[in-house]
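First comes the structure, then the notes that go with it.
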């Protein structure tokens with residue numbers, strides 16, 4: 001019975017739960033790695049002592065957080081749980097493929113961990129650039145294992161993307177048009193399309209790297225007529241859409257949370273929100289070389305990538321101001337979930353502003369590979385994606401479990417986390433502007449103060465993570481059941497009780513829209 005339910009599951013709720021648990025567990029590993037990094041940088045001099053080991057930590061931290069924490073939780077966890085409920089579908093379109101998408105991840109994770117523990121580990125950074133990732137600078141099987149790990153995670157995501165696209169387009173009730181689906185469903189749809197178009201390019205790039213390393217090809221080796229810059233183009237053509245994949249489902253969740261706790265029945269500017277997400281998805285594919293301003297591109301190429309990158313600020317601004325407009329004039333309920341959403345809106349915007357700074361190719365020449373870039377993407381990930389995940393979790397936890405969290409503890413958790421992440425990443429802007437480079441385990445004494453403060457902040461965040469574990473334990477042991485939910489047209493996932501029955505719809509859902 002246990003095996004049939006949890007190993008061979010074809011139920012979107014159970015698979016979503018597996019994704020959430022796996023992502024939470026991987027998040028602990030990723031947090032542990034980040035704390036080792038910050039412990040090393042807490043003061044000048046060496047702690048771990050070995051720069052290769054330090055770089056392995058940095059690389060593993062990135063891969064674990066991206067492929068095994070944010071993506072499984074947002075797309076696999078929240079996506080699986082909520083998309084079928086929100087569109088009134090009995091399950092996902094391909095329930096068994098759904099199960100395979102999940103079970104490809106633990107082996108992938110195992111391969112990544114193995115790559116760190118054999119030979120010298122893969123100390124390449126998450127970008128895995130050759131020639132550093134070639135078989136000379138990284139002899140041994142570490143990088144090969146990392147490549148195989150990425151292949152498995154990539155196949156998992158591609159299959160999941162196919163599943164979500166088919167489900168969303170094909171499994172709505174007859175009377176429901178695409179423009180009547182909730183914004184979270186739209187965000188998952190756009191994310192799935194991005195995954196489907198970008199991951200094959202990554203697969204091509206790392207497969208060529210694999211053959212360069214093992215089969216004597218020279219795709220990225222100038223000695224044989226190859227070009228390492230080609231790898232950078234292939235990687236970033238995936239890598240830039242990837243960062244939008246990480247944030248788009250968060251946009252969808254924030255839209256729902258803000259609408260719900262403002263007491264509104266729908267978000268402000270529904271069509272504009274959709275247009276903004278689709279635009280961000282499209283533009284995300286034509287700006288990749290802004291990661292490569294320092295490799296020596298033509299001035300007109302740099303001008304194009306600078307302006308194209310800045311254009312993304314427009315649809316992003318549409319979303320931010322629509323969230324503020326949704327809040328405006330609402331009967332605001334100060335729940336923990338809304339606090340996460342407000343924190344998201346503010347801090348994501350700060351991260352976006354530093355992004356506009358980095359979009360300028362001339363400025364980026366100076367700031368590239370400094371801590372300014374680290375601060376920028378951690379503001380949009382550690383305070384964008386993670387805040388959205390936390391907000392979505394405290395908002396939908398009663399739906400998933402049937403129990404309510406202790407609101408006071410949840411608010412305290414938010415405050416500790418808020419202080420922790422800001423204390424960790426705000427000082428890194430100063431370090432970057434002073435020219436401290438990324439991916440080094442030691443630094444001149446001049447950078448000591450801000451690094452020490454940054455490391456203190458990371459330990460505050462650790463306290464918040466431990467408190468979160470306690471809060472979840474407290475909810476499951478106290479067993480406060482859900483009393484009532486505010487139902488509106490945009491809240492259909494709550495319609496079937498908390499938690500919903502194992503099989504939501506035994507027959508097709510009947511939808512009678514207000515307009516058609």
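Cβ atoms here come from the backbone N, Cα and C positions, even for glycine.
Quick look at what Swiss-Prot lists:
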type     : residues      : note
BINDING  : 40, 45, 441   : Na(+) binding site
BINDING  : 61, 378       : Fe(II)-heme a binding site
BINDING  : 240, 290, 291 : Cu cation binding site
BINDING  : 244           : O2 binding site
BINDING  : 368, 369      : Mg(2+) binding site
BINDING  : 376           : heme a3 binding site
TOPO_DOM : 1-11          : topological domain 'Mitochondrial matrix'
TOPO_DOM : 41-50         : topological domain 'Mitochondrial intermembrane'
TOPO_DOM : 87-94         : topological domain 'Mitochondrial matrix'
TOPO_DOM : 118-140       : topological domain 'Mitochondrial intermembrane'
TOPO_DOM : 171-182       : topological domain 'Mitochondrial matrix'
TOPO_DOM : 213-227       : topological domain 'Mitochondrial intermembrane'
TOPO_DOM : 262-269       : topological domain 'Mitochondrial matrix'
TOPO_DOM : 287-298       : topological domain 'Mitochondrial intermembrane'
TOPO_DOM : 328-335       : topological domain 'Mitochondrial matrix'
TOPO_DOM : 358-370       : topological domain 'Mitochondrial intermembrane'
TOPO_DOM : 401-406       : topological domain 'Mitochondrial matrix'
TOPO_DOM : 434-446       : topological domain 'Mitochondrial intermembrane'
TOPO_DOM : 479-516       : topological domain 'Mitochondrial matrix'
TRANSMEM : 12-40         : transmembrane segment
TRANSMEM : 51-86         : transmembrane segment
TRANSMEM : 95-117        : transmembrane segment
TRANSMEM : 141-170       : transmembrane segment
TRANSMEM : 183-212       : transmembrane segment
TRANSMEM : 228-261       : transmembrane segment
TRANSMEM : 270-286       : transmembrane segment
TRANSMEM : 299-327       : transmembrane segment
TRANSMEM : 336-357       : transmembrane segment
TRANSMEM : 371-400       : transmembrane segment
TRANSMEM : 407-433       : transmembrane segment
TRANSMEM : 447-478       : transmembrane segment
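On the structure: features taken from Swiss-Prot.
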residue	record	Cβ within 10 Å
40	Na(+) binding site	22
61	Fe(II)-heme a binding site	20
244	O2 binding site	21
290	Cu cation binding site	22
291	Cu cation binding site	22
368	Mg(2+) binding site	19
369	Mg(2+) binding site	15
376	heme a3 binding site	24
378	Fe(II)-heme a binding site	19
441	Na(+) binding site	20
| query | Of the binding-site residues 291, 368, 369, 376, 378, which one sits closest to residue 45 (Na(+) binding site) when you measure Cα to Cα? | reply | 369
| remark: Long-range CB partners for the topological domain 'Mitochondrial intermembrane' (287-298) (under 8 A, at least six residues beyond its ends), listed in sequence order, are 229, 232-233, 236-237, 239-240, 305-306, 308-309, 312, 358-359, 361, 364-365, 368-369
| field | Neighbourhood of residue 240 (Cu cation binding site), C-beta criterion under 8 angstroms, separation at least six | value | 284, 285, 287, 288, 290, 291
| message | Quick check: do the transmembrane segment (12-40) and the transmembrane segment (447-478) share at least 3 Cβ pairs under 8 Å, counting only pairs 6+ apart in sequence? | response | yes
| task | State the three-class DSSP label for residue 368 (Mg(2+) binding site), counting H, G and I as helix, E and B as strand, and everything else as coil. | result | coil
| message | I'm checking region-level scores; what's the whole-number mean pLDDT for the topological domain 'Mitochondrial matrix' (401-406)? | response | 96
| Within 8 Å of the centroid of the Cβ atoms of 40, 45, 441, which other residues of that chain place their own Cβ, given that this set defines the recorded Na(+) site? | 41, 44, 46, 47, 48, 49, 54, 442
| request: Using the residue listed as 'O2 binding site' as the reference point, find which of the binding-site residues 40, 368, 369, 376, 441 has the shortest Cα-to-Cα distance to it. | output: 376
| task | Sort out the residues at least 6 away from either end of the topological domain 'Mitochondrial matrix' (328-335), same chain, that have Cβ-Cβ distances under 8 Å to it, and list them. | result | 261-264, 268, 394-395, 407
| task | For the recorded Cu cation site, enumerate neighbouring residues of the same chain (Cβ within 8 Å of the Cβ centroid of 240, 290, 291, site residues themselves excluded), in sequence order. | result | 236, 239, 287, 288, 289, 292, 305, 309
